[in-house]
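Quick notes on the structure that follows.
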Amino acid sequence: MSQTHLSNQKFADLPLHPEVKQALAENGFEFCTPIQALSLPVLLQSKDIAGQAQTGTGKTMAFLVATFNHLLSSSIPEGRQLNQPRAIIMAPTRELAIQIAKDAILLAKHTRLKVGIVYGGESYDVQRKVLDQGVDILIGTTGRIIDYVRQGIINLNAIQAVVLDEADRMFDLGFIKDIRFLFRRMPNADQRLNMLFSATLSMKVQELAYDHMNDPVKVEIAPEEKTSKNIKEEIFYPSQEDKMRLLLTLIEEDWPEKAIVFSNTKHSCENLWSWLEGDGHRVGLLTGDVPQKKRIRILEQFTQGQLDILVATDVAARGLHISDVSHVYNYDLPDDCEDYVHRIGRTGRAGNKGVSVSFACEEYALNLPAIETYINHSIPVSNYDRDALLDDIPSPVKIHRKHPAGARNLRERSGAGRTPGAHRSGGRPPRHDRTRRQP
């Protein structure tokens, strides 16, 4: 294969259930990614897996294919009740759970298996109606799953397959006690297929695996490569005064098809949104306090191309599967080295090329040495000509506090005097090659 992100292993050559093969073929899945090629032969023998793989490697489809195949090839537990799912997939964030559910629905099309999803931020009653009808594969965040288990709405005695995705993130967010609580209410480890995936297989993650899994096979994909070779990284050292002007100038030069701008705080993200919106970009804002329905709407707009730029805190850095992100801008260097890897991992996915641009300003430059040590390479430095930065930038729009993240509503109240999205429809032309020179 000339596409290095795929292996030579075809899904059609694996001993998969016919309905799974049909769904894969209809959705264009022909060749496995490396993590799929390594893990599926093991899982199809009903052996447990502890897999190390970063986001964007295809691990989601690996555990979904294995889960569907296992349920379709196994007998339904005797005496199973309507409130007893046969498989459970746990994710650290609702965004990741939603994406997993979307992929699961693709595989479920030709099967009799029902997929359900539960997570915080949505109505208990709405989700309960789905559960009351019975689900075979339950996908969700641990907190909401535990709520339903404690209420007796869900019973885990018929679980035949378990997936724990992004286990390292589960530790970061303090969910491990919840996970152990759920494991203790399932059949014994040797009576179910167990799958754990993590960006790092640290000692604490491996301990969790061996405590609640049946002698799992360890599968690793290029653990020494923290960042993808498909991502072109660079870093600027702007003054605080130049920082916003530099970002706006670079965006106008790069003209990204789809970009994510990361900042470390909600306040900074809101400020970024205001300037980008005022400059005529189609931009959405995603922070931790955005209501779930609005969050889903913004992500759909970004995915469907109605928005070109997403401004986000690290709530969006993990678990989002958004294709064709061409650029990532780290307006602030993150305090956590792993967050840098997860941020820039939003681009350069599935063999595509991507660009990551970071700013080492006075406030966050001290984070850079630890990041470069963690990723095991220096980030190339780019310089800029201060006199070439944009100087005719419109004023930022003001955020209406009752509607903190709805780009459409905010634009209607901005009074900025420019056509929304003017850059994309014949507005001010981009100023190419005005800021960069060879370092």
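Just so you know, glycine gets a Cβ as well, placed from its N, Cα and C.
Of all ranges given (9-37, 38-66, 183-211, 357-385), Swiss-Prot attaches the label motif 'Q motif' to 9-37. Between the stretches 81-84, 165-168, 241-244, 289-292, Swiss-Prot puts its motif 'DEAD box' entry on 165-168. The DSSP secondary structure for Thr60 (ATP binding site) is helix. For the motif 'Q motif' (9-37), the number of residues in each DSSP class (helix H, G, I; strand E, B; coil) is 16 helix, 2 strand, 11 coil. Neighbours of the ATP site: apart from Ala53, Gln54, Thr55, Gly56, Thr57, Gly58, Lys59, Thr60, residues of the same chain with C-beta atoms within 8 angstroms of the site's C-beta centroid are Thr33, Ile35, Phe197.
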